[in-house]
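This report refers to the structure that appears directly beneath it.
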Ligand code: CA
């Protein structure tokens, strides 16, 4: 899925140029030419990143930044015409992720967008429950810091259950999402792999991570 970027910039030539370039890179974009409209769009929460001009009609870029930050931690890159220290300081205080001074080279803007988007992901890269941590980027699993060695299938099953922590997932859903096309017809595959996981986690660390909900499926819950 492509990232959605909101461009809040009253200089329409710049806004159109940036929109065109971001389109080439595969991003989906929306434009706003004043602060008020920009804020309204930002508050829908549908954007992965916001490019925000400092000097805007109706509501200044700084004010838009402050109001977005009341409710959202979406990455925001400020576009400023002046490379003034004051702008930078007050913007960073208000929670801007980064700055770029106009006129900028599009390659530099693209690089900063990539960086800001990468930084905003890590929280979701590591999933956890009851002392267990699963790092989706490194594909590692630890319990209270101690590494657990899992096969690919065990990892994928644990990943799916953790991603849906607190929800009871049926065997059918697990087969569909974890086994997918590889699934060769053994309906008890899920139970077998849950047993493997319990053997490597619950039995070793004396925990109860994966719960069976009779007749329904499995669920991972945080231990209270
Ligand atoms: Ca402006």
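Any Cβ shown, glycine's included, is placed from N, Cα and C.
No curator has checked TrEMBL annotations; they are predicted automatically.
Feature annotations, courtesy of TrEMBL:
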type	residues	note
DNA_BIND	124-222	DNA-binding region
DOMAIN	4-117	domain 'Response regulatory'
DOMAIN	124-222	domain 'OmpR/PhoB-type'
MOD_RES	53	4-aspartylphosphate
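For the DNA-binding region (124-222), the predicted model reports an average pLDDT of 89. Sequence-distant contacts (6 or more apart, same chain, Cβ under 8 Å) of residue 53 (4-aspartylphosphate) comprise 8, 9, 10, 11, 61, 78, 79, 80.
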